[in-house]
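One structure is given below, encoded as structure tokens.
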């Protein structure tokens with residue numbers, strides 16, 4: 001190959017960010033977001049100046065909502081960047097989790113700002129400064145107008161999805177109860193207030209209303225403590241609105257299964273387990289890859305005679321309606337046919353102190369003798385049909401002997417006798433017994449029907 005003497009150095013982090021920003025800025029859809037971002041920075045600068053001149057912490061808390069709008073615009077740019085990027089070997093599932101991380105970071109930063117406002121408000125209760133209302137009302141309407149215009153003009157897909165999927169905040173629940181009462185009187189307002197108001201629009205309107213009340217009370221009675229109370233109210237509303245979104249996006253980052261799809265997944269898995277050829281569905285794992293994107297993996301065990309590609313196609317067709325990124329592993333049944341073996345039994349099955357194994361001698365010499373059965377003896381004939389518990393001719397049988405004597409109330413010794421004693425009692429003589437021999441443990445039973453060692457019948 002080509003030898004590169006001067007290898008190009010890797011791009012730094014700033015260079016990578018600049019390259020990705022140029023990639024996003026090349027799309028015309030992002031120009032609108034960049035324009036709103038520039039206007040947002042100007043509004044934040046003006047509001048911070050007015051907060052310093054009025055000495056109002058309530059206006060500062062409301063300005064933090066404008067800073068949160070800047071975070072939402074950055075999240076919208078990240079969403080456009082994710083749509084442009086394709087999966088890579090490093091990020092095999094794509095870049096959708098970047099917008100989840102952006103939403104989580106934005107909501108957590110907003111809650112940290114609310115906690116900072118609560119801390120400053122607690123200090124102001126000890127020593128309440130004087131509030132100047134010259135630009136308090138102007139700053140309120142500027143911030144309200146810009147926040148509403150930004151929220152309604154920019155289609156922010158990540159925050160729109162989270163605001164609908166996350167649980168309702170306490171502010172939304174109280175406003176929903178009030179809206180039901182109002183819609184009962186004026187039914188035409190049900191399309192606006194019900195069933196669920198946008199949490200960002202709701203907090204902008206509620207914060208502006210709190211600042212208007214603060215302005216009126218300070219102008220009428222010079223009641224400066226109401227500014228601190230309004231700041232606490234705005235901070236609590238901000239924290240209560242952002243917390244459910246942080247919890248939802250955090251669960252997505254932890255790769256948990258959404259609760260609202262668990263029932264549908266169970267139904268689909270039951271349908272998959274009833275498909276032709278499927279024996280078992282196991283090791284299933286489903287998680288949220290991004291907002292509205294579900295990923296999963298599953299192992300399917302099928303019959304040995306089933307068609308793998310056919311089963312894979314049916315399983316994928318059933319689960320793909322809900323799981324967009326799916327990995328299915330098909331493996332056939334691995335059952336093993338049991339075989340007879342004459343090897344010693346393991347210690348965990350039998351106690352070797354009570355049992356031992358004695359190989360029996362070969363019985364091929366007795367094949368041509370007359371068995372005690374109704375079937376004539378033939379050299380090529382199979383074993384007798386009614387020979388119970390007897391192994392085949394070509395297999396060396398084994399005897400498990402127990403040397404302990406266990407009486408059962410009849411006075412017989414039920415321990416197994418050696419094979420030589422069985423032959424001496426005449427129960428295993430080739431002239432009288434079956435070719436395979438009769439194995440018994442009744443050593444003390446008298447032998448009436450056998451012959452002695454000389455072949456003479458016993459009395």
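Note: Cβ is positioned from N, Cα and C throughout, glycine not excepted.
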Transmembrane segment range according to TrEMBL, out of 136-154, 155-173, 174-192: 136-154
Correct range for transmembrane segment (source TrEMBL, candidates 200-218, 257-275): 200-218
Most Cβ pairs under 8 Å with the transmembrane segment (224-243), selected from 31-50, 62-83, 95-116, 136-154: 95-116
Long-range neighbours of the transmembrane segment (31-50), counting only residues six or more past its ends (CB under 8 A): 25, 59-60, 63, 66-67, 69-70, 73-74, 76-77, 80, 135-136, 138-139, 142-143, 146, 150, 153-154
